[in-house]
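Please read the structure below before turning to the comments.
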Amino acid sequence: MYSAAAATTAASSSSSSPPRRDFISVTLSPEEAVGAGGYNNSKAWRRRSCWRKWKQLSRLQRSVILFLFAFLAVCGVISYASMGEPWKSLTNKSLDDQRTEPESPGLKLANPVVLPAPQKADANLGDYPELSPQKPPKLPHARRGPSNLQIKPPWRDVRLKTQHDTSRVVEEPVQSDKEEKTEKSVISWRGAVIEPDQSTEPPSSKIKEPEKPSSVEAEDQKEPVPINERQMAVIEAFRHAWKGYKDFAWGHDELKPLSKSYSEWFGLGLTLIDALDTMWILGLKEEFEEARKWVAIDLVFDKNVDVNLFESTIRILGGLLSTYHLSGDSLFLEKAKDIGNRLMPAFKTPSKIPYSDVNIGRGTAHPPRWTSDSTVAEVTSIQLEFRELSRLTGDEKFQKAVDEVMKHVHTLSGKNDGLVPMFINTNSGQFTHLGVYTLGARADSYYEYLLKQWIQGGKKENELLEDYMRAIEGVKKHLLQRSQPKKLTFVGELAHGHFSAKMDHLVCFLPGTLALGAHNGLTADHMKLAEALIETCYQMYAQVETGLSPEIVHFNLHAQKGQKDVEIKPADRHNLLRPETVESLFYMYRFTGDKKYQDWGWEILQNFNKYTRVPTGGYTSINNVQNPSNPEPRDKMESFFLGETLKYMFLLFSDDIDLINLDKYVFNTEAHPLPIWVPA
């Protein structure tokens, strides 16, 4: 125990006495302390001492200490879990590296393989193996790329051995015989194979660089189908049109072949970009290479210019994406990303329904000067392109913007058995000009893109299919009629309950779309309707003096002696070299094999050559299809003549179903093929 004695000294009365000092003296007696159970440095004594100190703490202090201990314990568990997997992977990788070392002790791999070598497709699967439904493992340096697609060349010369200044590095697949080989990089001209992206989940918002497509050796491909005489005639027509463009309009939007000049719309080389994938499909190497150089050097989107969202999407964005998929050249994807980003301001509206016009240099958008409406076809026919851009880049903003439009339109009132009005307001998001329904201008491709988005996404988006099926039933109920005297089935228009026997040439996209739906498992009566409508579209050519269809026809509903089914008004008798009938002929021949569709297309090509061909180069639209002696040329070659009409002609005359296989690709409304994400 402790003992203490205290002593104090008082101040003396004398002046010499020492100063006063106050202190306490403490004496510790170890023997007594030990004997009385005091501190002895034993474990038992330390435990009792700590417990007394713990009990002396307040309840708040004890709670704080317990909380800190619990927090540290949780952090420790989390740290262990996060560090354990990498440590395990590191250990496994180390073991794998040891296993992959050559047996010879004197040889080691200087650069171990990071990505596994591609497996050779089973011979029974053909040239288009099914994509595995399993999600691929996330490997180092693995990048999102386009689907496993392959274009079959019509010529034996299928490999382009020249390399571009941008150094497109493409690795050939390595054989799966466990031998490490370094293959020489090559570019296959027509047989580009693109690495599969088997994941069907929505794209990440993080931008990823796409993996460059790999080419395949010519011996691994099916024997190419030789080009026939009719296809050669299409190639000759294309070269003639291209000569005029190159000589008089190079780098400009459209050729004026008669005046040997050009017209400008956006100032972005529309004809050249629209024709890129056509040249690739036709095998025109020199022309393609020349056009590619222009894209690489001269195509600049940083311009103070207003462009139409719809037209620039289907022609420029669609054309660049398609050419990227066919060629594997990343230049075109980079340009596609650039224009795609510059078009995004159009979606900054109160309703998320995009404006019609965008200034791609300033980053601003606006509706037309005369209205705040956009046309329904324009805002619902940009989805294929923006969705594919999201899939390639991994940036979901593009798909999100266009998907919101489709979901909004899906919920709107104002439809008539699935048929939609022609206009929609960008402020309110509601249909305007109600009561008018057509499958012609301003509404046509809305119906086309319902089906094609459903196909593009792997047939999983049921709302799109429901809207499409309902719309076709609406067409049958409200818009189908038969003409006299040949009883041709045609699609008219409905205006406030009044039926009009007017049919735009644009409506001739419908037979091909119906046939495409039937091919993808929809009801068989869609194919029967397609067969009836393609006959009508052909008669729109055959019953006209030049053998070329006018822009608009009116059908006779009552039989009269000496009268044809087709009646043409003076304001409607022009021909713009449009592709819709040839497009549907291509689908019909591809799905039925009926040679009459090729014969009809051949007649149309001959009449284009007879009445629209300009001797110095190019083709021209005409003002009067009813006057063979003077069809009144308009001095303008639309970009879609090269981008669509001649492309569909070439495919129509081909007997190679793998030349743009319709189970692997879906065409946008400007005839630019884009990959189906999950092949059927």
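Backbone N, Cα and C atoms are what each Cβ position is placed from, and that goes for glycine too.
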### Summary
Among 1-22, 375-396, 441-462, 573-594, TrEMBL marks as region 'Disordered' the stretch 1-22
### Message
Let me make sure I understand the structure: which of the active-site residues listed (ASP444, GLU551) has the fewest other Cβ atoms within 10 A of its Cβ?
### Response
GLU551
### Query
What is the number of other Cβ atoms found within 10 Å of the Cβ of CYS537 (disulfide bond)?
28
#### Entry: GLU311, GLU551, GLU580 screened against CYS537 (disulfide bond), Cα within 10 Å - retained active-site residues
GLU580
#### Entry: Distant-in-sequence Cβ neighbours of GLU311 (active site, proton donor), under 8 Å, six or more positions away
TRP265, PHE266
### Long-range Cβ environment of THR669 (Ca(2+) binding site), under 8 Å and at least 6 residues apart
ILE314, SER381, SER445, GLU448, TYR449, PHE509
### Query
Of the recorded positions ASP444, CYS508, GLU551, which one sits closest to GLU580 (active site) when you measure Cα to Cα?
CYS508
